[in-house]
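Residues annotated as transmembrane segment in TrEMBL: 22-43, 82-104, 111-130, 136-154, 207-228, 240-259, 321-346, 358-379, 391-410, 422-442, 462-483, 490-511. Taken from TrEMBL, the feature domain 'Major facilitator superfamily (MFS) profile' applies to 26-515.
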Amino acid sequence: MAGGGFVVGDGQKTYPGKLTPFVLFTCVVAAMGGLIFGYDIGISGGVTSMPSFLRRFFPSVYRKQQEDATTNQYCQYDSPTLTLFTSSLYLAALISSLVASTVTRKFGRRLSMLFGGILFCAGALINGFAKHVWMLIVGRILLGFGIGFANQVLKLNSCCFIKFNKFKLILSRYKCQVDIINFFLLLLSSVPLYLSEMAPYKYRGALNIGFQLSITIGILVAEVLNYFFAKIKGGWGWRLSLGGAVVPALIITLGSLVLPDTPNSMIERGKHEKAKTKLRRIRGVDDVSQEFDDLVAASKESQSIEHPWTNLLRRKYRPHLTMAIMIPFFQQLTGINVIMFYAPVLFNTIGFTTDASLMSAVVTGSVNVAATLVSIYGVDKWGRRFLFLEGGTQMLICQAVVAACIGAKFGVDGTPGELPKWYAIVVVTFICIYVAGFAWSWGPLGWLVPSEIFPLEIRSAAQSITVSVNMIFTFIIAQIFLTMLCHLKFGLFLVFAFFVIVMSIFVYIFLPETKGIPIEEMGQVWRSHWYWSRFVEDGEYGNGLEMGKSSSNQVTKHV
């Protein structure tokens, strides 16, 4: 059994522990949170392009697609109910995430994870056995509720079980020892805010993007399954696609029954002796007193932070609030969810057959995964700003080319027809280049940058705003896209291209580079910025700055 420990502070203090079965299993369960989120993103577009699914639940769309040869190609999928089937999940996830934190604190991580897993299973089963449209929408809403609860719990569980906690890593970030298995497990079970707090600052970007990688893998799995399930004779393959979400859901549910509650959760609820006993079992060693004392100290420190929402409105946090809102806002206006949600629908709209559209979605999903790996490799080498600007330029060019190709083929009237093979290859190639540009820039960095710039006293509140803005605009884009495609036609891609220009200018002017800067010293990037320095004055950055100075002294000492 692999083991290891963390050297803390000046190198004289270590936390003993082994890579126990609890750690391994918790990482698998945590990875399911990202995979199921990605699966639900990728699955909806595939099933909505299957004729048998449309014929049963959306007959008006099916008639426009299959029977009416005069239908405007851009408008064949225009249906508010069809888009509600996709978008309802994200609105439900937003609402449940607002409730999940309170439930988790009161009843513990384990029961909350069990509740989230049950909601996942219920939603997947209702969708898989659906006979009416309302069952599809109810199932998606339950999946959204499950995502809100499960991800809230999993991000807390991963923090405890992988031998990390916030207090410990504030001290140890600069001099730590991690064996290769722990590194791999951390990559799988990462959650943006907690990874930014836990990771060594030189590798913070790469580690943080691990959760985004699990989401892209989930999307790819969904697209591959859609392709093969669509070939099932009898036209019931869509039931397997929708019901397939029950597999990771069962892992989360069973995991909540097998895994113990976290020591962090027990300490928060005053069960110190039980927490210490559980910590010994998780670590696989008897001597956990130092780590336990720091867990208690971290809990007290967390509880001492008052009025985070009020603090967020103070003048000195103006740059943080701006980034918490604008980065997730711009991320959704890149147009990427048009591809991720509706890739098969989009390919079908521009003249691909059903099989070809599903296969093209698999290709873009594969590119998405590969490009995310590029981001993991390069984010701490090339920097955040470089990837933002390079990805933005790449997306802009591709959106303009795709708009020109679609406009040249279908014009304004959207006359039906299939694309020639060479033409289709050109369109798919540029869409793949566009997806790659997003996957190594705004995709992962839209989560990474907000999670690493917030000081301790506003961190949880600011990250909540980031997630809320992301979910709200994910819901809006998913709900209105097909209507916008019908009315704006190929011009819709130019609308997204315009926003890519705006967001690239915003990054160039207002976003400082955060590569290689310890999270507690992040205040220096705002104080040295030409614009934000007027809001953040010297000596007025809060707890994070004080800790950063202390940590900086430790770095100097060791160097």
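Counting begins at 1 with the first residue displayed.
Placed from the backbone N, Cα and C atoms, the Cβ positions cover glycine too.
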Ask   = By Cβ distance under 8 Å, which residues at least 6 away from the ends of the transmembrane segment (321-346) in the same chain are close to it?
value = 41-42, 44-46, 48-49, 77, 86, 219, 223, 226, 312-313, 354, 357-358, 360-361, 364-365, 368, 395, 399, 431, 434-435, 438, 442-443, 446, 449-450, 453-454, 462-463, 465-467, 469-470, 473-474, 476-478, 481-482, 492-493, 496, 499-500, 502-503, 506, 510-511
Query = When you check the transmembrane segment (240-259) against the transmembrane segment (111-130), do you get at least 3 Cβ pairs under 8 Å, counting only pairs 6 or more apart in sequence?
reply = yes
Inquiry  = Take the C-beta pairs under 8 A between the transmembrane segment (422-442) and each of 82-104, 111-130, 207-228, 358-379, 462-483. Which stretch has the highest count?
reply    = 358-379
Task = May I ask whether the transmembrane segment (207-228) has at least three C-beta pairs under 8 Å with the transmembrane segment (462-483), counting pairs 6 or more apart in sequence?
result = no
Query = Mean pLDDT for the domain 'Major facilitator superfamily (MFS) profile' (26-515), as a whole number?
reply = 80
